[in-house]
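**Q** What Swiss-Prot records for C64-C92, C66-C81, C71-C91 is disulfide bond. Among the features that Swiss-Prot reports, signal peptide is placed at 1-19.
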Amino acid sequence: MKKLVLLSALVLLALQVEAEPTPKTDEGTKTDEQPGKEDQVVSVSIEGQGDPAFQDAVLRDLKCFCRRKSCNWGEGIMGICKKRYGSPILCCR
């Protein structure tokens, strides 16, 4: 079951890379983001067959946020946010 979760995350990552390539930014024109606006907690669910107890154990301490450009240190890309408020990347830690 752990392999299924990992495989699902990798598939979502591959789809995201194909769907929206990240634009290259120049270091001089890079603007600082406002942390309060983009930090939105998102609930995550795993669909499909499997033991609900296992799914609860996997998601128990998982905290996810919709980010605009990239995940913060310690977070990983887990998919694409369904809300389209300028934050398409789903980052979880």
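Glycine too: its Cβ is placed from the backbone N, Cα and C atoms.
Quick one: how deep are these features, and who are their neighbours?
**A** Taken residue by residue with DSSP, C92 (disulfide bond) is part of a strand.
In the three-state DSSP scheme, C66 (disulfide bond) is classed as strand. If you draw a 10 Å sphere around the CB of C66 (disulfide bond), it holds 21 other CB atoms from the protein chains shown.
Other Cβ atoms within 10 Å of the Cβ of C91 (disulfide bond), summed over all protein chains shown, number 22.
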**Q** Counting across all protein chains shown, how many other Cβ atoms sit within 10 Å of the Cβ of C81 (disulfide bond)?
**A** 20
**Q** State the count of C-beta atoms found within 10 angstroms of the C-beta of C71 (disulfide bond), not counting that atom itself.
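**A** Other Cβ atoms found within 10 Å: 16.
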**Q** To the nearest whole angstrom, state the Cα distance for the pair C64 (disulfide bond) and C81 (disulfide bond).
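**A** Pair distance, Cα basis, whole Å: 10 Å.
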